[in-house]
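Undergrad: The following block contains the structure, expressed as structure tokens.
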Amino acid sequence: LSSLKKFDEIKKANQAAAKKLVEDQLSSSSEDDDEDAEVKQGKILDKTFTIYTSQTDGDASELERTRQYMNEAFQSGAMTCLICIASVKRNQAVWSCCGCFCIFHLVCIQKWAKDSLFLVSSPLTDDDFGKKDYPWPCPKCRFEYKRSETPSRYYCYCGKVENPTVDPWLVPHSCGQICEREFKPSCGHKCLLLCHPGPCPPCPKMVTTTCHCKKAKAVPRRCSAKEWSCRLPCGRTLLCGQHACENPCHAGDCQPCPRVSKQRCICGRQTAERLCASPQWQCDQVCGKCLPCGNHTCEQVCHAGPCGDCPRSGKRSCPCGKTKFTLPCTEDVPTCGDSCDKVLECGIHKCSQRCHRGPCEICRQEVEKQCRCGKHTKRMPCHKPYLCETKCTKIRDCQKHQCRRKCCSGNCPPCDQVCGRTLGCRNHKCPSGCHRGSCNPCPETVDVKCNCGKTVIKVPCGRERTIKPPKCKQLCSRPPTCHHSTREKHYCHFGRCPPCRQPCQKTLPCGHLCPVSCHDEALVKQTGLHQSAGPWEQPSEPAFIQTALPCPPCEVPIPVECLGQHEVS
């Protein structure tokens, strides 16, 4: 009895908690609340954009990208920290990347930066540590930050206010002040929006500027589009010095001259049609002019200027370089007869042959050679490399796999295996090479759709299991399951459609129409259910079943005579 009583108390508490949860969800997802939230969000966006639109005469076409970031900041579950794959809430400290404007939890990005710096600096020795400021990357765009730029405090988007207060009438994590960040590219003006996520919009200021070629009259234009072309021919003299640029008014330097003209090569022997922009060219003929010695000709290919002296004139050395001779250019230098003594390719021994022409032979001396890993020695010819069969047992930089390379010198190469660990999304595996530390966040995005598939939102991979489907404004298109030809109008949804509330309108035996609500799918409590032996036994059948009920008796009043036909009631 005591266990049954305790079970009933727990059961009632669970039922009360479940009922409260359902009521909270229904109240939070009601259309009235959604409409109020949309109206409130629209007012906050209008307030944020007011100063900007006042400069553009109400034109907000350049604000679409910034508006998208702000809508994500308002939408529940849309902003996700890619490091921990969890939602970013209003009251949590965050950090925003200045490259991709992605938002992360402050504690998550601090841990990410610390781990990244540790992985980069761990192979260094104690002497090298701290001498170089190694960067750490953004988890999404890989934009690099210095060690000194690791965030330590929570600031608003514009960076003016530390620990901004949570205000329901401001964009989440905003201070509400004017942004005043410099536009990129810099134009000298500052952003006019209130503190906001995402990139600043183009500069809306009006400036007076002329075209690229400076021929047109200066006109007032938006600062973000002050570079413009009058489309007239440029007319500037090209680098060839003979022709003018015929392209329409353009920015930067003119393109090379596209015209073709006949031009001589450097030596002047051949003429060919070539681009005017590259007049200097070389033919493939050997010069062949007679050198000052009168015995030899120039062997250079198409060159400018004098040919120079004969390369065989003056003092010349023998092949080994020990003896010099003064001979006419028509005679070859003889060998001196001394030993060659040039250092061989091994870099240790010298050539033992007599002075000779041509390259020296390979080193054939027998030496005691040590293998690359230093574990074995062997006597063999000097020119042959010695690699033993011992496999390296050192752990590679991934700290997981052995090197296993034969006769390794100790400088093991990076691990060539694929990481393959399951990412935080639980859907994909890490495609990077085997590494230490945490894997990068999954770069994929997943489409979360409503029931009809017409409303779609993109969320980071792994969040599709926890995020709510988007609210769809399309009408439900499911066919009716009762005898009516159409359903009552309601929005797209998951699960069963709400019960039909239309009048039944079936014809009763008396000829009248049934006025009660549709009862083709009424919930009826089952009777005669199997009694459970105890609280541990689960019910095998549902307590309620859906069935069609007959129409109730007609309640329309009609005149009826009494049995004696005296009165009509």
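Every residue gets a Cβ built from N, Cα and C, even glycine.
So TrEMBL has the following annotated:
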type	residues	note
DOMAIN	187-205	domain 'NF-X1-type'
DOMAIN	240-259	domain 'NF-X1-type'
DOMAIN	293-312	domain 'NF-X1-type'
DOMAIN	346-365	domain 'NF-X1-type'
DOMAIN	373-394	domain 'NF-X1-type'
DOMAIN	398-417	domain 'NF-X1-type'
DOMAIN	425-444	domain 'NF-X1-type'
DOMAIN	482-502	domain 'NF-X1-type'
Undergrad: Within the domain 'NF-X1-type' (425-444), what mean pLDDT does the predicted structure show?
TA: 84
Undergrad: Can you name the far-off residues of the same chain, 6+ from the ends of the domain 'NF-X1-type' (240-259), with a Cβ under 8 Å from a Cβ of it?
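TA: Residues 211-213, 215-216, 227, 229-234, 275-279.
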Undergrad: Report the DSSP secondary-structure composition of the domain 'NF-X1-type' (293-312) as helix, strand and coil residue counts.
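TA: Breakdown, helix to coil: 0 helix, 2 strand, 18 coil.
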